[in-house]
Amino acid sequence: MSFLIERADPSQIDALCAIERKAVQLFRGHPAWASYSAISIPPELLQQAIGRGLVWVALNEAAVPVGFVWLDTDAGDSVAGIAEIDVLPDHGQRGIGAALLEHACAWAGAAGYRRVDLGTLADVRWNAPFYAKHGFAVVDKDGPAFAYARERDRENGFPDHLRVFMSRPLSAPGRGEWTVWPAPAKLNLFLRITGRRPDGYHELQTVFRLLDWGDEVRLRLRDDGEVRRLGGIPGVPPPTDLAVRAAQLLQRHARAATGVNIERAGVPPGVDIEVTKRIPMGGGLGGGSSDAATVLVALNQLWRLDLTEDVLAELGRQLGADVPVFVRGRSAWAEGIGEQLTPLSLPSRHYVVLDPHEPVPTVALFQAPELTRNAPRATISSFVSGETTENAFAPVVRARHPRVAAALDWLGGFGQARLSGSGGCVFLEAKSFDRATAIAARCPVAFTAQVAMGVDVSPLRDALARHRGAERATRTTGGR
Ligand SMILES: C[C@](O)(CO)[C@H](O)COP(=O)(O)OP(=O)(O)OC[C@H]1O[C@@H](n2ccc(N)nc2=O)[C@H](O)[C@@H]1O
Ligand SMILES: Nc1ncnc2c1ncn2[C@@H]1O[C@H](COP(=O)(O)OP(=O)(O)OP(=O)(O)O)[C@@H](O)[C@H]1O
């Protein structure tokens, strides 16, 4: 029997939950049975993980899911965890579990994680001995690194005396291997246009709220100095793709700048680029800009250019007004054309982000005669007090795009719905994950809802720290 492993899709949630329920039956008669069978996967958490690309599914020849693995990246800075791995009992012992495990570990390595951890039963053949065969070793579970996992075990009522914790070390990706980087989405929590510059660009004030959700950029160094886009986005030819343009701009800059030697021995100055698009295009969530920023920041590291954040932000500005905030990687108050940034620490909030499937062209909106361009200046305190929440584009978009208006109206039934950027995506702020998922679950079929968390620091900065740490560790241990 052959099988295929790919990223899980939200349409597979029920199937994956059913696989877990069948797989747990294998523990019948074991002392852990009572606690294991009492706990099933919360579908909304699985959906979150799928939306973040952290779940992979094994499909049989009929494209039916027969197993899955779920990675948890909340455990620690450079540690990923196996949250769940299950294979249908009648598909056991065919290498499906092993392939899923390797797939998840390969992704974690490419994303700069240094270790994969898991908790499992010591005395069950397809548990600890299986993981031991695949490079995991039992660790001291009393160590502080496992306090969080054991607390979760306690909450779940799992039998501590039968559980072991295991770790598998990962090494940094080698020269010709893929590396994985996040490109988060942003929301504009308000947006005011205060004037127009002689070059036609608008002076604005906005708050950029970075999200813990977005696209995934994969980069692999090339020896021949070329920048190649693999896959590509339908309707976006490679020379206009912002990810490609960012790599080319950085390459040109590094070749021209004094003191920067892109051709330095051992660092191939070309790159293959792949992007997994999750952020809706033309959605006002800054997808293309974030892809570009991720390419700038990641290639600065991979090409060992050592350019400063200021230089990278300025290169980003040349690509688009929204790029600098993603390069700097902090939620921020913004002025100018969006490039003058003051980092903000905002209260923890979840967002229901609704895609009405109606791309809105930014340029046309900035040109709209009815757009208010002379708003009085807002202050950070008026934003913080909740007084300033309007988006200057909202009335224009409402009048021109009925689907976006319908999305605002529907979401507005649960609280204050706002437009992000120039739209068409709209969002609602919620104080808890449960409230956000409860609203998202009721999303009409005409729209798509995503629940995301606001973050002060971009996942890209976390990824950069991870990759730097992994490279340093590999260098000092003499790997590669
Ligand atoms: C609406 C926002 O997303 C809010 O964050 C941004 O202001 C738009 O940023 P962006 O898509 O990165 O914009 P760019 O790619 O730089 O510009 C696209 C076009 O939008 C208009 N534009 C953009 C930004 C700005 N402050 N004033 C403008 O008038 C310009 O006509 C420009 O040609
Ligand atoms: N890598 C990319 N991802 C998405 N769009 C891209 C990319 N490269 C070029 N584009 C082009 O840029 C356009 C706008 O893309 P994007 O998804 O960033 O819009 P947006 O979210 O409305 O941006 P903003 O919030 O900055 O206005 C797309 O319609 C597409 O033609």
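Cβ coordinates are placed from backbone N, Cα and C, and glycine is handled just like the others.
Just so you know, TrEMBL annotations are computer predictions that nobody has curated.
Quick caveat, the model's predicted, so the values are computed rather than measured.
Copied over from TrEMBL, here are the features:
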type	residues	note
ACT_SITE	Lys186	active site
ACT_SITE	Asp322	active site
BINDING	Pro280, Met281, Gly282, Gly283, Gly284, Leu285, Gly286, Gly287, Gly288, Ser289, Ser290	ATP binding site
DOMAIN	3-153	domain 'N-acetyltransferase'
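Taking a Cβ distance under 6 Å to any atom of ligand 1 as the criterion, the recorded positions Lys186, Pro280, Gly282, Gly288, Ser290, Asp322 reduce to Asp322. Straight-line distance linking the Cα atoms of Gly284 (ATP binding site) and Asp322 (active site), rounded to a whole number, equals 10 Å. The binding-site residues near ligand 2, defined by a Cβ under 6 Å from one of its atoms, are Gly282, Gly284, Gly286, Gly288, chosen from Pro280, Gly282, Gly284, Gly286, Gly288.
The number of other CB atoms found within 10 A of the CB of Gly282 (ATP binding site), across every protein chain shown, is 17.
Counting other Cβ atoms within 10 Å of each Cβ, the lowest count among the binding-site residues Pro280, Gly284 belongs to Pro280.
The secondary structure of Lys186 (active site), as reduced to three states from DSSP, is extended strand. Non-local contacts of Asp322 (active site) by the CB criterion (under 8 A, 6+ apart in sequence, same chain) comprise Lys186, Gly286, Ser289, Ser290, Gly338, Gly421.
For the ATP site, the Cβ centre of Pro280, Met281, Gly282, Gly283, Gly284, Leu285, Gly286, Gly287, Gly288, Ser289, Ser290 serves as reference, and the other residues of the chain with Cβ at most 8 Å from it are Ala185, Ile279, Gly421. A sphere of 10 angstroms centred on the C-beta of Lys186 (active site) encloses 28 other C-beta atoms.
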